[in-house]
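The domain 'EamA' annotation in TrEMBL covers 29-157, 171-301. Under the heading transmembrane segment, TrEMBL lists 27-44, 56-76, 88-110, 116-135, 142-163, 169-189, 201-219, 231-250, 262-281, 287-306.
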Amino acid sequence: MPGRVACPAACRHTRPMPDDQRRGDRRTIAAGVLAMALFSGNFASTRHGLAHGLSLADLLLLRSATAGLLMGGLLWRIGLGGLSLPRAAVLALLAGAPYYLLTVAALQFAPATHASILNPGATVLFAPLLGWWMLRQAPEIGVRLGLGILGAGLLLIGGASLAQGAGRAWIGDLLLLASGFTWALFGVLMRRWQVSGTRAAAAAGAVSLAWVPLHLLLLGPGGVPDHPGEALLQAVYQGLIAGGIAVVLYSRAVALLGPARGALLPPLVPALGVFWAWLLLGEPVTAPQLAGMALVILGMLCGALWRPGAVRRRTDAASKPA
């Protein structure tokens, strides 16, 4: 209708709306960056707990209880939204307590610097391959090139572990690659089952809460009562911050930014994670590890930024108002 054509043209000369959009965009990006900063400290925090009297089982109990209660409350509010209980259980196996168990077990062998690179790196490596297989979505040329660069970086980091004579560090590296694979499969199944990130995270955390009474029955409270200060620190960070706030911030940022721009956020985790491990734990960083880290980040950015011109033009055309 003629009366509706004039409005977009007039709106182009109105400054408040673009300014509001830019401010909202900056807030969304800031939320995503904050989520990555919170995620990146997860490995250093776990390593800190293991070094200060808590066991693998203790950390799993604290994470499952705190994040489970928080996510259970969120799930109660938003509901399953058509997600079946069996599928919720599968998501919990991939991103809930078993996923965290893999990560904590890995940190008993490998340093946090390895975890901060190998875990997100493996996720970015496996996600396109799983998507190709399960969703029939072939990776774009930039993703394929990025996978090669990223794989070289992962091999360099793993080779550095063996060269250091770190004994069993390679075991931790393999467990970290496995944890990255489970998180990648979690993301692909979310897309296949059309589940929002917030609902999937809430379901995984809530279902993991079922482990807590079984844990207390079989293993008891472990070393938690003997180290109340460290236990409180881990409960706050692992359960509330990394397992709750960061998940919600990241899910919201990706929902608002879209998958292409949201993919620029995870490459922050390796760099920040190595920084926290060096600053808080005093873990040394060798030249091969730095080179491997640079390749991993380069591979991630290559896959996220490189888009064919035709795809970019189609995206831009689709985003323009009619």
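Backbone N, Cα and C atoms are what each Cβ position is placed from, and that goes for glycine too.
Curation plays no part in TrEMBL annotations; they are all automatic predictions.
The structure displayed is predicted, hence computed values, not measured ones.
Scored by C-beta pairs under 8 angstroms, the transmembrane segment (56-76) has its highest count with 201-219, from the stretches 27-44, 116-135, 201-219, 231-250.
Residues in the domain 'EamA' (171-301) partition by DSSP class (helix H, G, I; strand E, B; coil) as 106 helix, 0 strand, 25 coil. Contact between the transmembrane segment (27-44) and the transmembrane segment (169-189) is absent: fewer than three CB pairs lie under 8 Å, with pairs separated by 6 or more positions in sequence. Put simply, of 116-135, 169-189, 231-250, 262-281, the stretch with the most CB pairs closer than 8 A to the transmembrane segment (201-219) is 231-250. Listed by sequence, the residues of this chain that lie at least six past the ends of the transmembrane segment (231-250) yet keep a Cβ under 8 A from its Cβ atoms are 31-32, 34-36, 38-39, 41-42, 45-46, 48-49, 54, 58-59, 62-63, 65-71, 74, 100, 197-198, 201, 205, 224-225, 265.
The helix, strand and coil residue counts that DSSP assigns across the domain 'EamA' (29-157) are 107 helix, 0 strand, 22 coil.
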